[in-house]
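What follows is a short report on a single structure.
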Amino acid sequence: MTTAPSGLPGTPLPPARRRERPRWPLLVAGAAVLGLIGYMVLGNANSNLVYYVLPSEYQQDTAKFAGKTLRMGGLAKDVVYNRDTLALKFNMTDGQVAYPVQYQGAVPDMFRNDAVVVMEGQMQQGVFHGKSLLVKHSEEYKAADSKGEGQYSQDDLKKILNDQSTKP
């Protein structure tokens, strides 16, 4: 049995007091962790950005995109695909400028001549070497002209390429 300091038997001890810790170190540590996470997310965002351009926009400022991975979007023209080797070659155009494209891999079912495509890759010696291929489509039907080719203006292309609601 414990006794009080006065020595009287049966007198309970007063409840132990906890030493109250200041809360500001915890708040400072939490703010530092949040700041570090924010810096890591936003600081690395620029290095992970992939630029999206049309062929004519690329031609206007080739030095800006030199050596960088970018997304180029436009119409696929003069498509040549070898199913045995999975080698794809075509010209990507926005109606003003065309660049030859090379891609190695499976091609989506919707890919065809005059399809609106987005390629991610790099330009090397005037040829765009794609790493990934995306076929975009408009939600609106656009009839082919008398030559059997789709008619897209540069504004139509931008609208289709920037439309995030369409599935690749």
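Using the three backbone atoms N, Cα and C, a Cβ is placed for every residue, glycine included.
Secondary structure at His137 (heme binding site), as computed by DSSP, is coil. Cβ contacts within 10 Å of His137 (heme binding site), excluding its own Cβ and spanning all protein chains shown: 15. Feature annotation from Swiss-Prot assigns heme binding site to His137, Tyr141; the stated evidence is sequence analysis.
Look at Swiss-Prot and you will find 145-168 tagged as region 'Disordered'.
Sequence annotations record features per position, and here Swiss-Prot assigns topological domain 'Cytoplasmic' to 1-23 based on sequence analysis.
Taken together, the residues of the topological domain 'Extracellular' (45-168) have an average pLDDT of 80. Per Swiss-Prot, the feature topological domain 'Extracellular' maps to 45-168.
The transmembrane segment feature in Swiss-Prot is assigned to 24-44; the stated evidence is sequence analysis.
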